[in-house]
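K.L.:
Can you keep this structure in mind? I'll have questions shortly.
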Amino acid sequence: MMKETKEATVDLKSVKSPKKTEDYAKYFQAPSLKDAKKRGKEEILVHYDFNIPEDMQNIGKGKRYHVRTYGCQMNEHDSETISGILQAMGYTSSDSVEDADVILFNTCAIRENAEDKVFGELGHMKRLKNNNPNLILGVCGCMSQEEKVVKKILKSYQQVDLIFGTHNIHRLPELLRDAMFSKEMVIEVWSKEGDIVENMPKLREGNTKGWVNIMYGCDKFCTYCIVPYTRGKERSRRPEDVIAEVRDLARQGFKEIMLLGQNVNAYGKDFDDIEYGFGDLMDEIRKIDIPRVRFTTSHPRDFDDHLIEVLAKGGNLVEQIHLPVQSGSTEVLKRMARKYTREHYLELVRKIKDAIPNVSLSTDIIVGFPGETDEQFEDTISMVEEVKYDFAYTFIYSPREGTPAAVMEDNVPMEVKKARLYRLNEVLARIGLEQNKKLQNQVVEVLVEGESRTNSEVLAGRTRTNKLVHFTGDKSLIGQYVHIKITDAKTWTLHGELVSKVEV
Ligand code: 5AD
Ligand code: SF4
């Protein structure tokens, strides 16, 4: 099926301007949520031969690009790949859109307000396009996988020159060339996932913290979530490729890596030649000489005992786990199709806490899911009290067209949803403070990341448990590990004094 999709790619040079918006699908490779839902049995091919065609290697010489990223770390990391490809084409980066020759919006579709923001910004780009007709304005990322978004852009955002999907990043050089020489909007969005493309250049910022993809896509189909449609089916990178990349980052002096996947616990389930899961991968990465290894994001359903056993070995595997719960009510979890109960989740938390005594847990929670009663919301509050999360991302449910929950009757008024979010955040803040207070007067290891956002005289870094620490120190400490004595614990930040530098 994937092959078919590729073969169906339209030769854009022969494309004529669509007369009516509805005609566009005939001319371009446009997205379809319905096709994206299908999960085929086709083998995933891994390509190791990525290169930039010779005639495009200098196309960006003397020109500048600006990539604006919305959404999750997966998107941030995709932007590093996009930047890497653009630099390999001779472009240099620009901090501002004003003097850029190529502007790309790498978008997020997870909630409506994320999409609204992008449309607002795209509107502002009209002025730049009027001033510089040679400017290429592109939209990529999750929103471009949605039919309704592509239609809306075609209809109302003619300043856009290029739309490409999450499976089409490796095609950027060809797509940019098409956009430069075509008078029409160039659209290439494969609804069915592509293969895995290795060896794309990546432009990582600095050499302190690095992201590494271990898998792509998601097969969980939680009823509220658009990701399985925008990111395609679960595909794992081969362990040897992941390990080689982590080793390479270690050699370059990176101090921390974050392994990325929409559902890292499903890692390896798609291999049909080897029995190899996320626990096995972590057990190997544990032996690589890199001081800290994190991962995100996990699904409680696939979080197995072998992984807990491996994480309990500690070392560079930090004692911090992001474990999205979404709701504390078994009934709501059922309607979300999360495929676990409140009891199962709590049992998992108990096992993790027993095995990793100082573990820090964080989570994602949705309030106001269709039909959520006061009582069911109270179950979420009691869950938070029981688990004692250090931190949580909390959201009001946002209907996403094409997902099963979007057609569920939603009888929870917006004021009630907002009140629930407010109350939940209050409880989380109280617990967050209680958890942080436990660190008062303790000495913790901190990786110094840079200056504090609010005060350039103060340095900011993170503990192994990912808590933000502020302290006063010399800027030469940036990128180094230090020991900090915590003197003041606030709700979401710790303040401390430098004790010593750590040799790692
Ligand atoms: N509405 C609100 N929150 C959502 N999330 C995913 N889809 C939606 C939605 N439709 C949240 C979940 C997920 C996090 C990344 O975003 O909590 O874990
Ligand atoms: Fe979305 Fe659920 Fe997949 Fe997470 S596990 S990306 S919430 S479908």
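Glycine is treated like the rest: Cβ placed from N, Cα and C.
Worth saying up front: this structure is predicted, and the values here are computed from it rather than measured.
Pasting the feature list from TrEMBL:
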| type | residues | note |
| --- | --- | --- |
| DOMAIN | 63-181 | domain 'MTTase N-terminal' |
| BINDING | C72, C108, C142 | [4Fe-4S] cluster 1 binding site |
| DOMAIN | 204-434 | domain 'Radical SAM core' |
| BINDING | C218, C222, C225 | [4Fe-4S] cluster 2 binding site |
| DOMAIN | 437-500 | domain 'TRAM' |
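Please go over these features one by one and say how buried each is and what sits next to it.
P.N.:
Summarised by DSSP class, the composition of the domain 'MTTase N-terminal' (63-181) is 63 helix, 23 strand, 33 coil.
Cβ neighbours within 10 Å of C108 ([4Fe-4S] cluster 1 binding site), excluding its own Cβ and spanning all shown chains: 22.
For C225 ([4Fe-4S] cluster 2 binding site), the same-chain residues lying six or more positions away in sequence with a CB closer than 8 A to its CB are I110, C218, R400, T403. According to its DSSP assignment, C225 ([4Fe-4S] cluster 2 binding site) is coil.
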K.L.:
Could you find out if DSSP has C218 ([4Fe-4S] cluster 2 binding site) as helix, strand or coil?
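P.N.:
Assignment for C218 ([4Fe-4S] cluster 2 binding site) reads coil.
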K.L.:
Over the domain 'TRAM' (437-500), what is the model's average pLDDT?
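P.N.:
The predicted confidence over the domain 'TRAM' (437-500), as a mean pLDDT, is 96.
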K.L.:
Any idea which of the binding-site residues C72, C142, C218, C222 has the thinnest Cβ neighbourhood at 10 Å?
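P.N.:
C72, out of the binding-site residues C72, C142, C218, C222, has the fewest neighbouring Cβ atoms within 10 Å.
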K.L.:
At the Cα level, what's the spacing in Å between C222 ([4Fe-4S] cluster 2 binding site) and C142 ([4Fe-4S] cluster 1 binding site), rounded?
P.N.:
17
K.L.:
Out of the binding-site residues I have (C72, C142, C218, C222, C225), which ones have their Cβ sitting under 6 Å from ligand 2?
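P.N.:
Those binding-site residues that pass the cut-off, since their Cβ is under 6 Å from ligand 2, are C218, C222, C225.
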K.L.:
From the DSSP assignment alone, can you count helix, strand and coil residues within the domain 'TRAM' (437-500)?
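P.N.:
Summed over the domain 'TRAM' (437-500), the classes give 4 helix, 34 strand, 26 coil.
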K.L.:
Tell me which binding-site residues (C142, C218, C225) have a Cβ under 6 A from ligand 1; sequence order is fine.
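P.N.:
Listed by sequence, the hits are C225.
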